[in-house]
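Student: Sharing a structure here in structure tokens format.
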Amino acid sequence: MKQSSVVDLLLLLLAIALLATPAFSDLVLSKVERRIDVTSQIARVTKTLKVVNSGSESVSEFALTFPKFLGNNLAYLSVAPSEGKGKSKRTLVNLSVREADQKGLPDSISVYSVALPKPLSKGDTLTLEVVAAFTNVLQPFPEKITQGEIHLVMLQESAQYLSPYAVESQSLSIKLPNARIESYTKFENTKLQGSELKYGPYKNLQSYSYSPIVVHFESKAAFAVAEKLVREIEVSHWGNVQVTENYNVVHRGAQLKGEFSRLDFQARPNPRGASAFRHLLARLPPRAHSIYYRDDIGNISTSEMKSDSKKTELLIEPRFPLFGGWKTFFTIGYGLPLTDFLFASEGKRFLNISFGSPILDLVTEKLIVQVVLPEGSKDISVTTPFAVKQSQEIKYSHLDIAGRPVVVLEKNNVVPDHNQHIQVYYKFSNINLLSEPLMLISGFFILFITCIIYTRADISISKSSPSYLAKLQWDEVLATLQEVQSIVQKCLATHDKLEASLRDLSRTGDIQTCKAARKSTDSLLKDLSKELKPLLGFLQSFPSASHISPKVEELVVKEKELQEKLMAKHTTVVEGYEKKSSGRDIENRIASQQQKIIALRQEIEDLLEFIDEI
């Protein structure tokens, strides 16, 4: 409980500082009713303040104060006057609220100034309804828990209403998620009834009265926080508004300590996964369609959708349960009918659509809303019910020329209370609707005309032009080279047959068959040589083949030399067999010839490869 002691000390110092702070004016709060709802991760505070002017001068502003640790986490604040009582009570339009000057006030408080609808004269009364939403004020305690432990959080507040005005009567009620409370600060007139904790009523409190309280209780709420959410709203005047939302969600509750057991979680999900959340609920507009839910892996089929005439609910279930500190990334998208959200007013069109996330009880640390308007939109303006950072960009899509204007709205610390409608006004000419269809028609027309011209026009090169004649000559050169290659390959194949006859001779000893093979080979090689002569002359007649002819001539010479060496080898082997020489003696006699044959064969192969590359 060391952390609790430090908190108590800080709250005590705050109370001491407040006692020395002067009152703002002669206003008196005759009755204060505060209600704090902590059933979700967001602490929602509702206050009913009955204000009386007990001074002699009129007052036009009213001050709201919060402890600094609450003011730093204030996400939403609205103040509105109310009239009537009970069922006839009605709340009027919200008043203007701004941060007040802290001059003369301690740093331990945050002050906001509310502009009253009209000056409050002496003796007049006014009832104000204040709604405030705070994030990060429900602190997990302990900060780390195991999978099987319950999730406990701690709330710090004041039993007495912190105000720069004297309070005649005030009460506080805290609505808890359930009746399981570990501990709470006890004062006079403190009562616990089920899941509701009540303090007061307390009478005749001085200005800046402060009595710190700490409530330690169980919370099963989903502490889902979107570290970043990008909502892209694309408007198409052809009948659709497409919404795409990219979420980066983290569980900001007590972090998981130890290992996660999927088996225990599946068998006993309630006691073994009480601190985790398994799904989120998104409440979409009633006529949403074409809904999808996916992540980086692909479509997630575990989502469920229910729809009726008033709403469409999408139950988002991540691929795994989220414990404290765990993150997930996903995208949801849906289409909306244009007629439900796009309207016309005073010569302008305006988009009327919600600002925040449709996911219930989601806290968004950074929200970026990108409204993509049709190409040609101009005179763009935005109306929002609260302050946001605005900028404009250009986005290029299919068939765009100048690009589509994009209105970018940014806001930090966003809660569901911010899910109010914004209006994006712009001017757009109906003629621009025809730009993309006309572009498509023009593209197909140009393609059609091009095809007609291509099929009917003679785009071949003139047969009398030098380039055409040079191409013809080069084609003839290439054809001649292919013939030379073919003849030389036939010669090499004939050489192989001659070598094969020698191998048969060594195996069978049939000299006559070997001589017959020699005679057939000799006749075939002579015929092939005759075919080569006119081809060489033909190549030499073309100037374009001047760099090739020497290689071809060298190829023919090498092949002729190879023929002679093979014939000499063949003669030597046959004579050896006729004289009945030994095999070793014959091999010794042809050894030098064989080396030359191998070298010539390799040179011929290299020349053929060179010609083939041409």
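Here the Cβ of each residue, glycine as well, is placed from N, Cα and C on the backbone.
Pulled these from Swiss-Prot:
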- 1-25: signal peptide (SIGNAL)
- 26-432: topological domain 'Lumenal' (TOPO_DOM)
- Asn94: N-linked glycosylation site (CARBOHYD)
- Asn299: N-linked glycosylation site (CARBOHYD)
- Lys311: ubiquitin cross-link (CROSSLNK)
- Asn352: N-linked glycosylation site (CARBOHYD)
- 433-453: transmembrane segment (TRANSMEM)
- 454-614: topological domain 'Cytoplasmic' (TOPO_DOM)
Student: Quick one: pull the CA-CA distance for Asn352 (N-linked glycosylation site) versus Asn94 (N-linked glycosylation site), whole Å only.
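Tutor: The Cα atom of Asn352 (N-linked glycosylation site) is 20 Å away from the Cα atom of Asn94 (N-linked glycosylation site).
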Student: Of Asn94, Asn299, Asn352, the glycosylation sites given in the record, which has the fewest other CB atoms within 10 A of its CB?
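Tutor: Each of the glycosylation sites Asn94, Asn299, Asn352 was scored; lowest Cβ tally within 10 Å is Asn299.
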Student: May I ask which residues of the same chain, at least 6 positions away in sequence, place their Cβ under 8 angstroms from the Cβ of Lys311 (ubiquitin cross-link)?
Tutor: Arg283, Leu284, Pro285, Pro286
Student: In whole Å, how far does the CA atom of Asn299 (N-linked glycosylation site) lie from that of Asn94 (N-linked glycosylation site)?
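Tutor: So the Cα of Asn94 (N-linked glycosylation site) lies 42 Å away from that of Asn299 (N-linked glycosylation site).
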Student: For the topological domain 'Cytoplasmic' (454-614), what's the model's average pLDDT?
Tutor: 80
